[in-house]
Amino acid sequence: MYVVSTKQMLNNAQRGGYAVPAFNIHNLETMQVVVETAANLHAPVIIAGTPGTFTHAGTENLLALVSAMAKQYHHPLAIHLDHHTKFDDIAQKVRSGVRSVMIDASHLPFAQNISRVKEVVDFCHRFDVSVEAELGQLGGQEDDVQVNEADALYTNPVQAREFAEATGIDSLAVAIGTAHGMYASAPVLDFSRLENIRQWVNLPLVLHGASGLSTKDIQQTIKLGICKINVATELKNAFSQALKNYLTEHPEATDPRDYLQSAKSAMRDVVSKVIADCGCEGRA
């Protein structure tokens, strides 16, 4: 009942003019903070994990945790495969109970990207699983995948329509100037390109690389059709910096139940801000 597909979440966001944040989790504490904060704010959220996260924690363990926490807080949650590339890996996780998938074949030529994505869509839709795919490429690093800034490609609006129609995807991740990781300086987002994509594609649009973006930029992308905002690095940085600071100030600390509280508090601030920026408080 409480573990849901992202399709309805994002369709509701599209109709309501807000975005749903997708938080990449890396450990139990991150998931606790995201779910507790979302439940307190009655905000829809997506629990996202890269292949590395699923390998680290175990698919069955993550599914069990999401299900248990959704029931505990009486709060609907979606668990989402972020930047997955291998069909067999996706199929295994879908059969285990995952109901939302991002197949990332954006590094392939256009026709091959379509072919790879359509194969995943055809399989996933048999299980009522929603599928996101990316057209264009973001710079930066996600898991073990590194894309140099010079190799990053913006989404072509006309191709985006062809891509969406040919694959049957449920949401489209676009490249408009964001990158994975934190920014050394404020990025310049191509809002006119995003507006053009919105005119050609009637699907919920997804923005990756949102860590460190200004509130103004995030809210402008939502006005232009973004329905899902991905955040990963900002959570990791908040966690690790707070933990380092605490252990520096308290070198005698040995109990993780104590010294992880400062890290959880720092992440809670990030999650609350992202939910506010997305305008999704009270929408769950």
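Note that Cβ sites are derived from N, Cα and C of the backbone, with glycine treated the same way.
Per Swiss-Prot, active site, proton donor is recorded for ASP82, and the stated evidence type is sequence analysis. Annotation source Swiss-Prot lists Zn(2+) binding site at HIS83, HIS180, HIS208. Under the heading dihydroxyacetone phosphate binding site, Swiss-Prot lists GLY181, GLY209, ALA210, SER211, ASN230, VAL231, ALA232, THR233, citing sequence analysis as support.
When the Cα atoms are compared, SER211 (dihydroxyacetone phosphate binding site) and ASP82 (active site, proton donor) turn out to be 15 Å apart. According to its DSSP assignment, ASN230 (dihydroxyacetone phosphate binding site) is in a strand.
Within the group of binding-site residues (SER211, THR233), the Cβ with the highest number of other Cβ atoms inside 10 Å belongs to SER211. Of ASP82, HIS83, HIS208, all annotated as recorded positions, the residue with the shortest Cα distance to VAL231 (dihydroxyacetone phosphate binding site) is HIS208.
In this structure, the C-alpha atom of HIS83 (Zn(2+) binding site) lies 12 angstrom from that of ALA232 (dihydroxyacetone phosphate binding site). Listed binding-site residues near HIS208 (Zn(2+) binding site): ASN230, ALA232 (candidates ASN230, ALA232, THR233; Cα-Cα distance within 10 Å).
Spacing of ALA232 (dihydroxyacetone phosphate binding site) relative to the residue listed as 'active site, proton donor' is 11 Å (Cα to Cα, whole number). In the three-state DSSP reading, HIS208 (Zn(2+) binding site) counts as coil.
In sequence order, THR178, ILE218, ILE229, ASN230, VAL231, GLU234, VAL274 are the residues near ALA210 (dihydroxyacetone phosphate binding site), counting only same-chain partners six or more apart with C-beta under 8 A. GLY209 (dihydroxyacetone phosphate binding site) and ASP82 (active site, proton donor) have their C-alpha atoms 12 Å apart, to the nearest angstrom. Counting only the Cα atoms, the space from the residue listed as 'active site, proton donor' to THR233 (dihydroxyacetone phosphate binding site) is about 14 angstrom. Under DSSP, HIS83 (Zn(2+) binding site) is assigned to a strand (E or B) in the three-state scheme.
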